[in-house]
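Student: I am attaching a structure below and will ask some questions about it afterwards.
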């Protein structure tokens, strides 16, 4: 794909995200979602591999269905109340349909089946966009409509997402699929708190985006897509593998790394809202995710491949240090000490 075409699609993605995030009218929000969907499709299918074409087709069908449901929900609400304002979603059926539509767009359980397959069929840079930027417009819709949503439904979806995301990631060998199930699990943490403290959801999303971007950029630099190749990639850039180890542990939510901060604040908020059983359950389910993060970290930096006669170490690359990866890695592992300052902001 030519650089001009790529830049047009990236600008369209940013435009669609901005339109949805800044709109008050349902039609404008829907238009932003549609621009996003149309802009990402060529980026998914640019390799012309059958798996990429399949991923683009699955993504288009799922997102088109979800956009239709968003439009149907807003029209039902406008029919009942005469309001097209996003924050005035009051009709119960419209709230239910909108929750299903946004869950489908995000990849929340039980609408998660498309996401691992699409991520597996996409190039790793497109996978980064799908896991981070493409999740922002649906989350902003949830943020704006959060006072009207059904707490029981969202809590159920969140706990199921944390469970399925952790459980189905256990047996994967493809790193992109592992990161897809990791995303589903993190979305569960965001969905459970959005009604009670929407700012915490945005904080969680920002930190998750930062850590996931770090992992994707490191994998793109060392050109690794499977666990078996991750085991032999430590000879390319050993320092980068050490950073990957710390970033994965941060994604798992281990203290004293950055990823512990949103989980800590969410558990604290749930306890204040008399939801200690839900907080306990989602905390225990995060142990499932911890297992496959530890597995990835072990393959990345701790284990060594068997030294057989046909084993050959990969050449160490002489690429200059990427300042973006350096900054993202630093923030992904060292933001916990400034958590009091972050707490005062939210």
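Note: Cβ is positioned from N, Cα and C throughout, glycine not excepted.
TrEMBL feature annotations, pasted as is:
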{"type": "DOMAIN", "residues": "23-288", "note": "domain 'NADH:quinone oxidoreductase/Mrp antiporter transmembrane'"}
{"type": "DOMAIN", "residues": "290-342", "note": "domain 'NADH dehydrogenase subunit 2 C-terminal'"}
{"type": "SIGNAL", "residues": "1-23", "note": "signal peptide"}
{"type": "TRANSMEM", "residues": "56-76", "note": "transmembrane segment"}
{"type": "TRANSMEM", "residues": "96-115", "note": "transmembrane segment"}
{"type": "TRANSMEM", "residues": "152-171", "note": "transmembrane segment"}
{"type": "TRANSMEM", "residues": "178-196", "note": "transmembrane segment"}
{"type": "TRANSMEM", "residues": "202-219", "note": "transmembrane segment"}
{"type": "TRANSMEM", "residues": "240-261", "note": "transmembrane segment"}
{"type": "TRANSMEM", "residues": "281-302", "note": "transmembrane segment"}
{"type": "TRANSMEM", "residues": "323-342", "note": "transmembrane segment"}
Student: Restricting to the same chain and to residues at least six past its boundaries, which positions have a Cβ under 8 Å from a Cβ of the transmembrane segment (96-115)?
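Tutor: For the transmembrane segment (96-115), the nonlocal Cβ contacts are 33, 58-59, 62-63, 65-67, 69-70, 72-74, 76, 89, 130, 135, 137-139, 141-142, 145, 149-150, 153-154, 157-158, 160-161, 163-165, 180, 183-184, 187-188, 191.
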Student: Okay, the transmembrane segment (323-342) and the transmembrane segment (152-171): do they have at least three CB pairs under 8 Å, pairs separated by 6 or more?
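Tutor: No, the transmembrane segment (152-171) does not contact the transmembrane segment (323-342).
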Student: Please average pLDDT over the domain 'NADH dehydrogenase subunit 2 C-terminal' (290-342) for the predicted structure.
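Tutor: Mean per-residue confidence for the domain 'NADH dehydrogenase subunit 2 C-terminal' (290-342): 79 out of 100.
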Student: By Cβ distance under 8 Å, which residues at least 6 away from the ends of the transmembrane segment (178-196) in the same chain are close to it?
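Tutor: Counting only partners 6 or more residues beyond its ends, the transmembrane segment (178-196) has Cβ contacts under 8 Å with 103, 106-109, 112, 115-116, 119-120, 127, 131, 135, 139, 142-143, 146-147, 149, 151, 154-155, 157-166, 168-169, 172, 204-205, 208, 212, 215-216, 251, 262-263, 266, 269-270, 273, 275, 278, 282, 285-286, 288-289, 292-293, 296.
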Student: Six or more residues beyond either end and a Cβ under 8 Å away: which residues meet both conditions relative to the signal peptide (1-23)?
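Tutor: Those are 29, 31-40, 42-43, 46, 86, 129, 133-134, 136-137, 140-141, in sequence order.
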Student: Take the transmembrane segment (240-261) and find every residue of the same chain, 6 or more past its ends, with a Cβ under 8 Å from one of its Cβ atoms.
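Tutor: Tertiary neighbours of the transmembrane segment (240-261) are 182, 203, 207-208, 210-212, 214-215, 218-219, 221-222, 233-234, 286, 289-290, 293-294, 296-297, 300-302, 325, 329, 331-337, 339, 342.
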